[in-house]
Amino acid sequence: MSWSDSLSRRLAERRGTSLWRNRQAHQGSDGRLLFTSDGQYLNFSSNDYLGLSQHPQIIAAWQQGAEQYGVGSGGSGHVTGYTTAHHVLEQQLAEWLGYSHALLFISGYAANQGVIAALMEKEDRIIADRLSHASLMEAAMHSPSQLRRFLHNDLDSLKHHLAKTCVGKTLVVTEGIFSMDGDCAPLEAIAQQTRSSKSWLMVDDAHGIGIHGHEGRGSCWSQNVKPEILIVTFGKAFGLSGAAVLCDEQTAEYLLQYSRHLIYSTSMPPAQAVALSEAVRQIRAGESLRQSLQNNIRYFRREAQHLSFALMDSETAIQPLIIGNNERCLALSHQLRQRKVWVKAILPPTVPPDSARLRITLTASHTRQDIDVLLGALHGSDC
Ligand SMILES: Cc1ncc(COP(=O)(O)O)c(C=O)c1O
């Protein structure tokens, strides 16, 4: 079969189904608004939870970083791509989060791939929460180790898997806050089980860092847990992009020697590292932003009780409404858009079958009136 025939067959299988994905270029967005050629929308699909993507001091820091270092790093960290800006940011992150070492990656996806690929060997096993993010699952599936999935947030299921013998090392993997459900992992109990079986714990706190815990130190800090591997990403509350792995000295050295994502990939621009350092400062001092976000979450949940949609058990910025049927979910998202409210429909396989949802995200930048508009649009929908 020719390349073209093979690709057309696969495209034809998907075209016309609700799984067909579309991108739409827009002219800018922040934690509150999204600007398109059709006008301005209230944005309830952004992970810019604290609205920092538009913060003037972070923008100024990026500009100043670009003046000082130029716009790119020029190589991987092992060649020319590790500057004092990267070094300062790593030290700042390690100190803030209580680890001896932090290593920067260009994205959360790359960090999860880079860490799991480097750490896991053939005789090892990964025991992951079954709702873990695609970047974790894909890394685990591609690694030579065994992959076992425990039922979502289910301690008995985790215990059952841990009780089985494994000749190699075991890595338990979970998220601090689940990206599609918005619920929190019972990290303290997971850490206890993991420790008593002499395994390691890896927590991806993409959605908790900056939001939870003292000075925004995240889900692990707020549950008094220090996993051996903590992943924090900068595309959500930080308002930028990139990620870091927090770990001890030996693990950091190991990753520097063995993680191909660190060795064979251009590091993030130093100007971005300068901006991220400023974002860390803003997050640590950002109690009032966190408070505004919490107030918005509380307000939305209280007022949404009156809707005909069931709320999920989430106290976080992620407030999904499960619709179930793909077509109905898409139609609802479309209706909201006609009312100038932007909420993306999230469909399987990103979420389990029959659980298509409107993934509503709240941010510190939304006002009560914005939330009222969202609630009114949901109330007025006829799906
Ligand atoms: C839990 C989780 N981990 C990792 C990632 C990937 O992070 P990044 O967007 O920085 O690649 C995401 C992105 O949505 C996520 O939700």
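Cβ atoms are placed via backbone N, Cα and C, with glycine included.
Heads up, TrEMBL stuff is auto-annotated, nobody curated it.
Quick look at what TrEMBL annotates:
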type    : residues                     : note
BINDING : R21, H133, T350              : substrate binding site
DOMAIN  : 41-378                       : domain 'Aminotransferase class I/classII large'
BINDING : G108, Y109, S179, H207, T233 : pyridoxal 5'-phosphate binding site
MOD_RES : K236                         : N6-(pyridoxal phosphate)lysine
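This view paints the features noted in TrEMBL onto the structure.
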residue	record	DSSP (3 states)
R21	substrate binding site	coil
G108	pyridoxal 5'-phosphate binding site	helix
H133	substrate binding site	coil
S179	pyridoxal 5'-phosphate binding site	coil
H207	pyridoxal 5'-phosphate binding site	coil
T233	pyridoxal 5'-phosphate binding site	strand
T350	substrate binding site	coil
Rounded to the nearest Å - Cα separation of H133 (substrate binding site) and Y109 (pyridoxal 5'-phosphate binding site):
9
Spatial neighbours, same chain, of T233 (pyridoxal 5'-phosphate binding site) - Cβ under 8 Å, 6+ residues apart:
S107, G108, A111, D204, A206, I209, G242, A243
So which of R21, G108, Y109, S179, T350, listed as binding-site residues, have a Cβ under 6 Å from an atom of ligand 1?
G108, Y109, S179
What is the separation, in Å, between the Cα atoms of H207 (pyridoxal 5'-phosphate binding site) and K236 (N6-(pyridoxal phosphate)lysine)?
7
Could you tell me which of these binding-site residues, S179, T350, has the fewest other Cβ atoms within 10 Å of its Cβ?
T350
Could you measure between R21 (substrate binding site) and K236 (N6-(pyridoxal phosphate)lysine) for me? Cα positions, answer in whole angstrom.
22
Can you give me the same-chain residues 6 or more apart in sequence from the residue listed as 'N6-(pyridoxal phosphate)lysine' with a CB-CB distance under 8 Å?
N47, D48, Y49, A206, H207, I209, G210
At the Cα level, what's the spacing in Å between Y109 (pyridoxal 5'-phosphate binding site) and T350 (substrate binding site), rounded?
15
Just counting, how many other CB atoms are there within 10 A of the CB of H207 (pyridoxal 5'-phosphate binding site)?
28
